[in-house]
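Novice: The structure that follows is given in the form of structure tokens.
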Amino acid sequence: MRFSGWAALRGYSIAVYGFVYLPIMLMGLFSVNSSDMIAFPLTGFTLDWYNQILHDGRIFKGLLTTMAVAFPVTIITTVLGSMAALVLTRHKFKGKTAFLALLVLPFFVPKLIFAIAQVTFLSDVGITKGLYTVWISQSMIILPFVTVIIASVLFRVDKRLEEAAGDLGATPWQTFRRVTLPLMKNGILAGSFISFVLSNAEYTVSYFTSGRAQPLSVLVASDFRFHLSPSLNALAMLIVLFNILVIVISEWFRRRAVQA
């Protein structure tokens, strides 16, 4: 029997989706299972593991550290990403290709190599690891994502609107504030939400550059290494649901920007 190309593609897609999402579904199941063993059969429904996470001081401290990293990183990458997107889409200059290449370079450098390079550099210049080193390191790897999102919105903005504002006597600042910024606003919001999610989820760079104050991703990975418990499944499930919510909001803003 001969399978058509579409049937093979459909089967491949199902296999990929199953490989990606089945573990998440199982994680959700075990997070509400009353047994402390992560194995079938399920013994009953409970929310005790979620309650245990909510009253865990270490988790709460890790969450505060995560927020102390994510908010500054979001601000840094959103501001710099907006500026970079404006430069790439609204200006012509020598070295533009080199500027773009340097900007997207973190896309192609393995995070482990990048993290080791960061630690080596910090050690050589005598900088002590702390939250500010995580801000810098995360911002460098997240900035290209934010820039691409905002630039994709700016590419769709009709430049004639900005030119018309200039013809009517508006200064470059007035044109930016009253024309360009409102049109790119939803793209900026979409980029900032994506930055926030990527910062929360970042493990490798955070592990090498965080010092004593460890973000939630580092704490979860450390606990998984030594002991796998249903409470960790519950925590991971909360993180997944939160990230899904933020991504949905980001996509909503991005679509609004495209349709504007």
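Every residue gets a Cβ built from N, Cα and C, even glycine.
According to TrEMBL, the domain 'ABC transmembrane type-1' annotation covers 63-250. Per TrEMBL, the feature transmembrane segment maps to 12-32, 63-88, 100-122, 134-155, 187-208, 228-249.
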Novice: Would you kindly list the residues that approach the transmembrane segment (100-122) from elsewhere in its chain, counting only those six or more residues past its ends and only Cβ-Cβ distances under 8 Å?
Specialist: 84, 88, 128-129, 133, 137, 140-141, 143-144, 147-148, 204-205, 207-209
Novice: Report the listed stretch (12-32, 63-88, 134-155) having the maximum count of Cβ pairs within less than 8 Å of the transmembrane segment (187-208).
Specialist: 134-155
Novice: Which sequence positions outside the transmembrane segment (12-32), separated from its termini by at least 6 residues, show Cβ-Cβ distances below 8 Å to it?
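Specialist: For the transmembrane segment (12-32), the far contacts come to 38, 42, 45-47, 49-50, 230, 233-234, 236-237, 240.
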